[in-house]
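Undergrad: Sharing a structure here in structure tokens format.
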Amino acid sequence: MLGWFYGGTKSTNVRVSLPAVCFVWQIAMIVLFGVFIRYNEEADTHWQEFRRENNISSDIENDFYFRYPSFQDVHVMIFVGFGFLMTFLKRYSFGAVGFNFLVAAFGIQWALLMQGWFHTLDPATGKILIGVENLINADFCVAGCLIAYGALLGKVSPVQLLVLTLFGVTLFAVEEYIILDLLHARDAGGSMVIHAFGGYYGLAISWVLYRPNLNLSKRLNGSVYHSDVFAMIGTLFLWMFWPSFNSAITDHGDGQHRAAINTYLALASSVLTAVGISSVTQKKGKLDMVHIQNATLAGGVAMGTAAEFMITPYGSLIVGFCCGMISTFGYVFVTPLLEKYLKLQDTCGVHNLHAVPGMLGGFIGAIVAASATEEVYSREGLINTFDFEGDFADRTVGTQGGFQAAACCVAIAFGIVGGGCVGLVLKIPIWGDPADDNCYDDEAYWEVRECFLNSPPVGAVAL
Amino acid sequence: MLGWFYGGTKSTNVRVSLPAVCFVWQIAMIVLFGVFIRYNEEADTHWQEFRRENNISSDIENDFYFRYPSFQDVHVMIFVGFGFLMTFLKRYSFGAVGFNFLVAAFGIQWALLMQGWFHTLDPATGKILIGVENLINADFCVAGCLIAYGALLGKVSPVQLLVLTLFGVTLFAVEEYIILDLLHARDAGGSMVIHAFGGYYGLAISWVLYRPNLNLSKRLNGSVYHSDVFAMIGTLFLWMFWPSFNSAITDHGDGQHRAAINTYLALASSVLTAVGISSVTQKKGKLDMVHIQNATLAGGVAMGTAAEFMITPYGSLIVGFCCGMISTFGYVFVTPLLEKYLKLQDTCGVHNLHAVPGMLGGFIGAIVAASATEEVYSREGLINTFDFEGDFADRTVGTQGGFQAAACCVAIAFGIVGGGCVGLVLKIPIWGDPADDNCYDDEAYWEVRECFLNSPPVGAVAL
Amino acid sequence: MLGWFYGGTKSTNVRVSLPAVCFVWQIAMIVLFGVFIRYNEEADTHWQEFRRENNISSDIENDFYFRYPSFQDVHVMIFVGFGFLMTFLKRYSFGAVGFNFLVAAFGIQWALLMQGWFHTLDPATGKILIGVENLINADFCVAGCLIAYGALLGKVSPVQLLVLTLFGVTLFAVEEYIILDLLHARDAGGSMVIHAFGGYYGLAISWVLYRPNLNLSKRLNGSVYHSDVFAMIGTLFLWMFWPSFNSAITDHGDGQHRAAINTYLALASSVLTAVGISSVTQKKGKLDMVHIQNATLAGGVAMGTAAEFMITPYGSLIVGFCCGMISTFGYVFVTPLLEKYLKLQDTCGVHNLHAVPGMLGGFIGAIVAASATEEVYSREGLINTFDFEGDFADRTVGTQGGFQAAACCVAIAFGIVGGGCVGLVLKIPIWGDPADDNCYDDEAYWEVRECFLNSPPVGAVAL
């Protein structure tokens, strides 16, 4: 009955809208790919000619071999990592992993187009030439939208998620263009571009979609024992492959190598402080799975910008140390306050895992960039690392630091303003979102079969 | 009582037969490996000499570095992907993941021998020299048998599965030899060789083993909430790593690069149409986990042949679009009809995910091959892609298309005829298969402990 | 009440000790990293200069590209493999996967320091220069401690585990130094250094911490249906990626290639004999999940030393054959005897999976080394494989075999003696370990939410 609360009947029947969106958009993708997208010279049958022309001595120097293992790790993070991390709710595992799958599968196609138009459109032919690096960037782009989904988990329909993704990818491509191309900031692992943007984008949408009677679904807003174990699959694949995420598109050679090491160390450090704070803030020192599932990852988020810089191994540990702590504090203290005072309902706590650590990561990157010296980097290393070439050949590290900080503000602004606008679109009562007493429930959008084992198997011994 | 239905007592006691088969066959493997199998020059301690003799400038050009990451992805698909995809049944998860493990572990050994005899036997020394590419091919070969297992899931004993694998691998090696060597067809990701063959092989066996009273086990032929989540682990690892599957043994350089891109795109497209059809065919537009778990993968199956060709990015999207749709329709409409009219009991719906998309993939490959032009591929690219060398130097793309189509028919014929014969062997009542009222039940072959949580933990709050 | 059994109250409140240890140790890590750890020349921005100076023709020859895919596989084994393998207990999944995570995250930092001091400390600068190989070695080092955790699963507090890891990593670094540097033994996959050491280390600690009244927790010392499925995630990721584990730090080129092939084969062979023995030793031939989860991995453990040698493919199969059998026999017969007569409580049976197969692997390595010939290896291959250079240029294969065997004894001795001493430290009643009637229970250290589905969802059909 409360479904009627804010105007419009709340029917979760998406039998028309969901197939319509899926088919129309997929057909649009096919048409646009037909017009715009081709293989680049490393994925094209002309590769052998290209090799000869460019004196490339071996097939192994095809970018595929530099980046494909990292790409696959990133791919696992997007589909298994994000998907399973969100399965922690007791009755929303289908929605978590299934809608994550749907949204990401659409988003990567749209991202190839949007990022292509902004970054790699060949002006002569009007074509976007794609290779493995584009696939990684498309996965990255989708990550921003999946982070936003985390704030909305259980409260939106799949159609809303697809709309969120359509706009999210578009906004992402624009802010990325401003940050990487116009401001010439560096952000290899996307602390700013992915996490700060995605986090604030989701929070802004969630704020617009505030549900005053969400406590009617309170019984389902929590985990059960084994849903927490499922969520650990997501946590661990994110944690393990984050070094690949932050190093996937950095420079060949030392760039990838260093980014992986720094991320590995920051993540290790996060785990200890997340555990420490989790224990100290709970009654009897018991650990809370929410913290272990999320705050342990904060080091990876916060190293997204600085991982490719010479932040030093102990610098990485310090970043992880602080962010693991801050993130856990966020889960314990800030999330309840945000809901109470800011009317911000954040199912997965993306504020604590993405928004804040992403923002911090952006500013850490700015500081590390500003304090770079030729002594540490070597002249050549400095140019390579910060890409001080072409129009930017004269930029100093101090200026670079300033632009990095500005970039972080741009990402946050895009997230908040963009999320606010998209939130208004999603508020239109045509998207089939659930009523307030029907949230966090797979019944709304899935054929749900019986639950576990109403009849024990023959021979099972009761405890 | 109904266990006696078609002759012979139905005892699932495999205490003699299973150990006997395991030990005898494993000893046979050791003897045959002793006689036939050695390391190839890239895995042998003579590699440094080989490098010098062949002017290979660096260790990185060892085929290991071109293929090992893809191999590991394929390995994950075989053991976790196929294994967990089949855990969806409420009481057959041990059998799904455990027998999958057993069958694959035996199959890869036997495949190394069978494929070695047909493809890489050195006539001078009579030895099969193996390297990482052979390991990938062995995994591929086993995939065919695991697909067949999908049709039989819950209805056969582990001994039957091992027999199925023994013959399946043998048939596979022969059809592969005919298709790749004699017909000189291309089938890098095995739409024909693996999926069409494996699908029809399983269906034919299932048809021979038809159980008229299988509805006695109907109570266990379905999923529960969390078994569907387990199955999504399988789905996602298959989906994510399919680009590696289709590119694992393609040409170094552009071949691997292009195959990965094409498969990535086809899979993304499949997801949207699978979701669309799932929603539109269900009451109230609710999604069915069966479709999400399976039909989303159809794009990968269907790109198995054409992935290495210049099918273009939008061509890949179209393939995924159509096959995601067709596969979901299959689950909704065809599987029930097959059971009703053709007496074909197909537990996992391999008809819709492997047999039909595999067959379509074969014909798509034929069409794409037949329409290849020098303009698109370049002369050199055409020769490399279709391997128009040696005896086949004069082959035209039109002829190649014809041979591709013929190859697809060969794969299907091998599957159906071979499966029929193997089905008759498996019908002999000595293999310990379960009675009709005892199917889909781990109790038959596993020590099953109590089910979940008959006693809630101290402090647990009831809902 | 029985909690008071052996002196001191048994409070599992770790609200002071756990945060204290996490924070103090993490700060210590930061300080020590600040003093000692820097990037090596392949991860440093001076890489381009290094390349020119050393005539390295391409970025792809950075060690990152040789080892990073293997590193990520090893990383998955450590965090998902070990973590999920231990989730089999019905109410200890949080502790299994969560404490595994904590311990490994601390251990890898400490291992980078300890292994650095012993192996790669630059005497001129006093710095440890790290790259991807050090990350792999740190993961390896932690594996030893996680194996030890297996013996203690459910019976110790997280603080005890951190202490175990602090000492375990220290002991590991010393025995590794003795074995690899002083004895100049080869042990690429760590049969001796990791598995024999880790296994006996855990067993010795468990023996010292013997709990006479552990049967008070008997109700929780076992699996339920779905916890066994979770454990299979661990098993399979260990099994699949073991070829990467054994080849991760072997020589570039043929060394990595051969080690992967050998391990792949030994593992396949283990599966068949583990299944065979499991079936033949159980009533009615039913398989036991414990054996499938564990003994199938014995081939990988036992190939840890010999994988890089020319053991031949059939030799690998024989090793897997024997160890799969021995390990399963161990689970069936030896573990109960150890508990009964030796007062050795070994939760995961590390005796059967790590201690014994690791020891056997060490001696297999000794035999294979002693029987190496120039005819098989080539002169150059022999030198490369056994590193007969510098001080060891004159060593014969026979001598090498002797040193390999001695190395195995060193590893076992370190495990037993070190474990005994550490066990005494852990016996001090200040670490917050659970009482005998409170073992195997996540309630002790985790906020545990309700269990599965006390209220069936609306519309769920009871069986």
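Glycine too: its Cβ is placed from the backbone N, Cα and C atoms.
So TrEMBL says this about it:
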- B:62-445: domain 'Ammonium transporter AmtB-like' (DOMAIN)
- B:16-37: transmembrane segment (TRANSMEM)
- B:96-115: transmembrane segment (TRANSMEM)
- B:135-154: transmembrane segment (TRANSMEM)
- B:161-180: transmembrane segment (TRANSMEM)
- B:192-210: transmembrane segment (TRANSMEM)
- B:222-241: transmembrane segment (TRANSMEM)
- B:261-280: transmembrane segment (TRANSMEM)
- B:292-311: transmembrane segment (TRANSMEM)
- B:317-338: transmembrane segment (TRANSMEM)
- B:350-372: transmembrane segment (TRANSMEM)
- B:403-426: transmembrane segment (TRANSMEM)
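Looking at the shown structure, can you explain where the listed features end up?
TA: The average pLDDT the prediction assigns to the domain 'Ammonium transporter AmtB-like' (B:62-445) is 97.
Nonlocal intrachain contacts for the transmembrane segment (B:96-115), taken as residues 6+ away from its ends with a CB within less than 8 angstroms of a stretch CB, comprise 22, 25-26, 29, 32-33, 36-37, 78-79, 82-84, 86-89, 128, 130, 134-135, 137-139, 141-142, 145-146, 149, 153, 158, 161-162, 164-166, 168-170, 172-173, 176, 446.
With a threshold of 8 Å between CB atoms, the same-chain residues lying at least 6 positions outside the transmembrane segment (B:192-210) that come near it are 140-141, 143-152, 155-156, 164, 168, 171-172, 175-176, 179-180, 185, 301, 304-305, 342-346, 350-351, 353-359, 361-362, 365, 407-408, 410-412, 414-420, 422-424, 426-427.
Residues 85, 88, 186-192, 194-195, 228, 231-232, 234-235, 238-239, 242, 245-247, 250-251, 255, 258-260, 262-263, 266-271, 274-275, 277-278, 319-320, 322-324, 326-328, 330-331, 348-349, 352-354, 357-358, 360-362, 364-366, 368-369, 372, 376-377, 381, 385, 404 of the same chain sit 6 or more residues outside the transmembrane segment (B:292-311) yet have a Cβ under 8 Å from a Cβ within it.
Here the transmembrane segment (B:403-426) has long-range neighbours at 148, 156, 160, 163-164, 167-168, 171, 174-175, 178-179, 183-187, 191-193, 196-209, 305, 355, 358-359, 362-363, 365-366, 369-370, 395, 433, meaning same-chain residues at least 6 beyond its ends whose C-beta is under 8 angstroms from one of its own.
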